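Below is one structure; the comments refer to it alone.
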Amino acid sequence: MDAKRRRSWAGWQFVAPFIVVFALVFLAPIAYAIYLSLFRNRLIGGNSFVGLDNYRQALADPNFWSALGRVSLFLVVQVPVMLFLALLVALAIDSGRLYGRDFFRVSIFLPYAVPAVVATMMWGFMYGSRFGLIGNINEALGTSLPDPLEPSWVLASIANIVTWEFVGYNMLIFYSALRTVPGTLYEQAEIDGAGEFRIIRAIKLPAIRGALVVATIFSVIGSFQLFNEPSILQSLAPNAITTYFTPNLYAYSLSFSGQQYNYSATVAILMGVITMVIAYAVQLRGAKER
Amino acid sequence: MTRRRRSPVLTALTGIVLIYSLIPLAWLVINATKTQDGLFTSFGLWFDDGRFALWENIRLTLTYDDGIFLRWLGNTVLYVVAGAGGATFLAVLAGYGLAKFDFPGRRAVFVTVIGAVAVPGTALAVPTFLMFSRLGLTNTPWSVIIPSLITPFGLYLMWTFAAEAIPDEIIEAARVDGASEARTFFTICVPMLAPGIVTVLLFSMVATWNNYFLPLIMLKDPDWYPLTVGLNAWNGQATTAGGTAVFHLVITGSLLTILPLLAAFLLLQRYWQSGLAAGSVKQ
């Protein structure tokens, strides 16, 4: 299809508007952040060029590493759980064996339309010990379930909120990809005597591998970006959620409560590079296994 | 496909995820009917026997603090119409251009946009804030609208959708008939792209309606807040010195905030799902 097409500048008139705005809201801030990260503002001496000093400082900064470690742990636990759950539900709905298939599909997707602020506040209320569900359950059954907002549980509680928000979204991406498999393929497989699991392994999973890779990349980016949920929960769990709980929370606190714009830009750039490297690795791996 | 036998076991197992998805929403609906006191004294997942305060809560939410909730709702609508509308328009144009034309620099555009997707939006937000503040744009609606105009996911979706939905022959035929590129696009291709356009529009609507971080840092004046930032400000009142806790308003306001999006998704279901399916074909 590509080969037939003439090479001309005509396509630019469609792409140019996007590129202009893109340059303004993506490229310019990145360039500006890189510029900022090379300077330091001192009380005495003002703004001065310091080269890579900010990066050296960040790489030796225990707060930065602890934030990075936390989102990495989040990434390796929450993302597989969420995607696996989404995949199971997508396969179940696609199998045609559910009663009320459409109701399942729409209802499980609904949380995606709920703003992170509302989702976090809802779960925060439910987690809460005063009129929360955990408190209710403990009271009613005489149990002593752990407080979801205590330091050792708060990351898992956040993971639960994020899973709740995005299971349905990922399920729908997988389901949409499954819908594009021609039905005749299944018929042929059945004639050849393939069972349900064989069909899933040999036909369905390969058919949606592109969707799986894209969903994984978006989830990886989402994990490293983690900000809304911890920042909103912070007022409920001030002891458990520090100002450097995630790298983005750290960058935000550095800018808006610490006025350390240069160092904040450095953290943002470092996180951007790390995210890109990992997203790229996921993409490469996804392409290789094809 | 042959008709399959339905399975109660599989339905029950998937039902667990269904319940997980719906319980918080049920909690929200139930608790929007309670008074501030009722929230603390009654069981979370059942109604307060004492009184049913939903209508009063809605009235209070809409009138509290001189009706600022309605102002926030208006702001949110403005940001969604200008931001998500503009984002969809740009994504449709560019997706079509990338899918149907070969032009110098096409590969570079692809690499740049895909690379930029991996840069965390929140990591960009702080530098964007600093840049906008130099340009004098912070604390104006522009600071929220302009960054919302770019949706890399929308571009990706539109691109794969256009590649699939529009045969090259049709564009070729229009050219032979002497139609300009713009005319070909608007009269012939846009109708064929409709399911994709609705899909991108809905997803960028959600992104703008639910946006929190960007307006949080860009806006200082509560008169320009969208609903999300406003609700969180109400929620935070309980912990600030001298502030009154208005949890019942936060909960009712949250319910009112999510209803328009849920309605849009349910009403346009058939449309956006076919768009999503077609968009995810090409890998």
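First residue shown is number 1, and so on along the chain.
Heads up, the Cβ atoms here are built off N, Cα and C, so glycines get one too.
TrEMBL does not curate its annotations; it predicts them automatically.
Through the fold, the transmembrane segment (B:9-30) approaches residues 44-47, 251, 254-255, 258 of its own chain, all at least 6 residues removed from its boundaries and within a Cβ separation under 8 Å. Positions annotated as transmembrane segment by TrEMBL: B:9-30 (among others).
If you look up TrEMBL, you'll see B:73-268 marked as domain 'ABC transmembrane type-1'.
Per TrEMBL, transmembrane segment is recorded for B:77-96 (among others).
Residues or ranges marked as transmembrane segment in TrEMBL: B:108-132 (among others). Same-chain neighbours of the transmembrane segment (B:108-132): 98, 138, 143, 146-147, 152-153, 155-156, 213-214, 217-218, counting only residues six or more beyond its ends whose CB sits under 8 Å from a CB of the stretch.
Same-chain neighbours of the transmembrane segment (B:144-163): 78-79, 82-84, 86-88, 90-92, 94-96, 98-100, 113-114, 116-117, 128, 132, 137, 189, 193, 195-197, 199-200, 203-204, 207-208, 211, 214-215, 218-219, 224, 226, 275-276, 278-282, counting only residues six or more beyond its ends whose CB sits under 8 Å from a CB of the stretch. Annotation source TrEMBL lists transmembrane segment at B:144-163 (among others).
Residues or ranges marked as transmembrane segment by TrEMBL: B:184-209 (among others).
For B:245-268 (among others), the entry in TrEMBL reads transmembrane segment.
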